[in-house]
Amino acid sequence: MSQLQEMMTVVSQREVAYNIFEMVLKGTLVDEMDLPGQFLHLAVPNGAMLLRRPISISSWDKRAKTCTILYRIGDETTGTYKLSKLESGAKVDVMGPLGNGFPVAEVTSTDKILIIGGGIGVPPLYELAKQLEKTGCQMTILLGFASENVKILENEFSNLKNVTLKIATDDGSYGTKGHVGMLMNEIDFEVDALYTCGAPAMLKAVAKKYDQLERLYISMESRMACGIGACYACVEHDKEDESHALKVCEDGPVFLGKQLSL
């Protein structure tokens, strides 16, 4: 696992949905980004808070040495709110890329891939889909949001080749009315590999339905402190060994479904 650190430069920042910001960062850390699903650990500006903020990498451009992160902000007291006030040219203390990402090397052009994302768990799935596009596989992507005003990355996913995209919103303001699990129940083909990231309830539903799938990859969301596996603040139960704890920041955030007790 890489533990590199750099003062990265903010290239741009904008609000892309209600309380959801997109920040583009530039720096040499981008050279280390190879696996989709890893995350960055950002220090809050001006030393305002001790703990860094873990934010997944949504995409990267190695030629430009830039990467993009999307994150949801809290109220004015939160670190994410303070990060959202950074303007172009600002410097950010960044560690990463950290954690284990989504494996893509085994995917072939004949595979039928299912990608399921919910809310702010959607961003890391975009770089995953970009990498899978290169294999020529068929991707069905199911995204769920609370409402249309927090919908993100629809155009980006739609512009990829070999993609069938379906969206659900809890309130019915866009796409299918209901949670993303309703879209999952419409899947009528044999899934070769499944990648998912989102809220615990959604992940539990996915894991239950596809518990026999060998290539089920689940990205866990968790509160983190150190981000490098030292503090044990972000543990999950190991389904294969009850005496062992899995650290989301180091062993994950991406796990095989059979490893987790959800």
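Residue numbering: from 1, along the chain as shown.
Note that Cβ sites are derived from N, Cα and C of the backbone, with glycine treated the same way.
As recorded in Swiss-Prot:
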type	residues	note
BINDING	Arg53, Pro54, Ile55, Ser56, Leu70, Tyr71, Arg72, Gly79, Thr80	FAD binding site
BINDING	Cys226, Cys231, Cys234, Cys249	[2Fe-2S] cluster binding site
DOMAIN	3-104	domain 'FAD-binding FR-type'
Original post:
What is the three-state DSSP composition of the domain 'FAD-binding FR-type' (3-104), stated as helix, strand and coil residue counts?
Top reply: 13 helix, 49 strand, 40 coil
Original post:
Just how spread out is the FAD site if you go by the largest Cα to Cα distance in Å among Arg53, Pro54, Ile55, Ser56, Leu70, Tyr71, Arg72, Gly79, Thr80?
Top reply: 15
Original post:
Cβ within 8 Å of the FAD site's Cβ centroid: which residues qualify beyond Arg53, Pro54, Ile55, Ser56, Leu70, Tyr71, Arg72, Gly79, Thr80?
Top reply: Leu42, Ile69, Leu83, Ile120
Original post:
Counting only residues 6+ apart in the same chain, whose Cβ is under 8 Å from the Cβ of Arg53 (FAD binding site)?
Top reply: His41, Leu42, Val44, Tyr71, Gly79, Thr80, Leu83
**OP:** Across the whole of the domain 'FAD-binding FR-type' (3-104), what does the mean pLDDT come to? Round it, please.
**Re:** 95
